[in-house]
Structure formats: structure tokens, C-alpha cells
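S.K.: First the structure, then my questions, so here it is.
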Amino acid sequence: SMNHTRVVEFVLLGLANSRHLEIILFLFLLIAYLLILLGNITVISITLVNNFLQTPMYYFLRNFALLEITFTSTFIPSTLYSLLTERKTISLPGCFFQMLSFYYLGTCTLFHMAVMSLDRYVAICHPLHYTTIMNSRFCLQLILACWALSFILMFPPTIMTVQLPFCGPNVMNHFYCDTSLLLQLSCTDTGFIEELMFVTLIIILPGTFIVTVVSYGCIIITIFHIPSSAGRKKAFSTCSAHLIVVMVFYSTCFYRYIRPTQRGGQDSDKVLSFFFSVLTQMLNPYIYSLRNKQVKQALKENMLKACSASLRQ
């Protein structure tokens, strides 16, 4: 292996193999990214400036919105640049940084979704104890735990991948630097890292999924005991929208990462990755926050204030 030329860059084949399709995908991905930025920046701004949105739920949503911006920014801008310029290469350090950021922030997203489901469970199933349980200190501890656990779980396999030698093929059939593909390209034995990564994902994905689904299951059971039919319908509509996003996100993640073989590189892998890394991220701010009655009211009030201020000027 030492006689081979060391790899200094990787080639990412991207989302399409025809120029016409690349232009279409560029426009779609650009619109998706702008919607992600617009939706999440709106959530952060509205929940910061309005006093009646200073509750634990909006604190978690604000952190989740910030996380979504950083997560999608690890790969979408570079993918857009690649689609526009047809430049398929990425440097070795750039690839490693993208991989580390993608998996770390992606893991944080899973933990944040579980924490938000727990928050809704306490709010709906134990409303009298909600303010006592979800105090500001505990909320901060939950957020810090999400970041810390993500680092503890994902740091060992990803940092071991970074230290591997690459001296052979350098082509990946993907639109971002994926760990499973990097392991295939290494010119040394990667069996231990593959097993470690699989065990890590087994802990993260089913663990956070169980917490999220059980929380929403308890919420739905509580909803059925609401005496008002209008109240039941409204609460169930909100929960069902959340569950649809959760199911799409987790089902694609499970099929992509939890399966007998971790050997990726098929076109189907790119489609699955696109679903959970772009489409669900685009829907999240609108499903979790911007459909909310209080957020709509805050948006309306701030728009009226802005309009009146501009008219006075």
C-alpha cells in the first residue's frame, strides 16, 4: 500500500449524471436550501423577540432550528457549487471535515427530536407539573446532553476513519462524504471501524426512535381522553404531522444505515440520504413551528409593526 500514490482529493459523482438533470436539481436544491434558511431563521427570530414565546417548547424549537441550519450547511452549499460548476472534487481535509460535521450534527438532530417529543409528552400528559419539570436549568441540561452524547458516540468511529490511509481509488457515488464509502476506499483493513460504526448507529437510531415514538404514543392516548371533539381534532392534527415527519426521517435513516451490509454506493443510497438530509429538513420548521397558532400570531404582529413603522417613515 505504501507504494501507491496517496489520495489528496476525492471525486463525488453527485446527484445526477446528465447536465440537464443537474440544472434541474440545482434549482430544486437551491429553493429547498432557501426555504430551510428562511423557515429556521424566522423561527429563531420570532421566538427570541416575543415574550409570550419564552417557554421550554420554543426554547427547544429555537435550538433545533439553529441545528438544522448548521447541519444542512455542511453539505448543501458544496453540492450546489458542484451542480452549478460541474466540479466534482473535494479535498481530503474538506471531505473529512464534512464527514465529521455531517455525522455529529445529524446525531444531534436525532437527540433533539427525542427531547422535543419528551417536552410535548410532559406538557400534554402532565400539564400541572410541566413548569416544575421543564425549568430553565433542566432544559439547558437536556440541550447540552444532546451535544455531549452526540460527540461521545460519534467521535471515536469518525476520528478513526480520518486517520485511515487512502492510496487507491478516490471516487464516491454520493453527493457528500459518507463514512461507509470512505471505509471502502481505504487501503487498509477497516473491519473494526465498520463494526464500531454499526454498533454506534444501533444505539443512536433505535434508542432515539423508541423515545420519540413512545412519547407521541402516550400523547395520542391522552388526546383521546380530551372531552372536546374540536380539541381532539386539533391536537391529533398536530401530532400526526409531527409523526409523519418523524417516520419519513427515521425510515430512510434505518434503511440507509441499519442493514446487514454497510457497503454503500448505490444510487438508492443517494435518494435515501436526500430524503432525510434535505426534504425532511425543509419541512421541519413549517411542521414543528410555523403551523403553530402562537407563532402565526407573533408573525402577524411583527409584520404589522414593521408595516406601520415603514409607513411612519
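Even glycines carry a Cβ here, placed using N, Cα and C.
Per TrEMBL, the feature domain 'G-protein coupled receptors family 1 profile' maps to 39-288. For 23-53, 65-84, 96-118, 138-156, 198-224, 236-258, 270-290, the entry in TrEMBL reads transmembrane segment.
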S.K.: Within this structure, do the transmembrane segment (23-53) and the transmembrane segment (96-118) have 3 or more Cβ pairs under 8 angstroms, counting pairs 6 or more apart in sequence?
M.R.: no
S.K.: Using a Cβ cut-off under 8 Å, which residues of the same chain at least 6 positions beyond either end of the transmembrane segment (236-258) come close to it?
M.R.: 110, 113, 117, 120, 198, 201-202, 205-206, 209, 212-213, 216, 219-220, 223, 264, 269, 272-273, 275-276, 279-280, 283-284, 287-288, 291
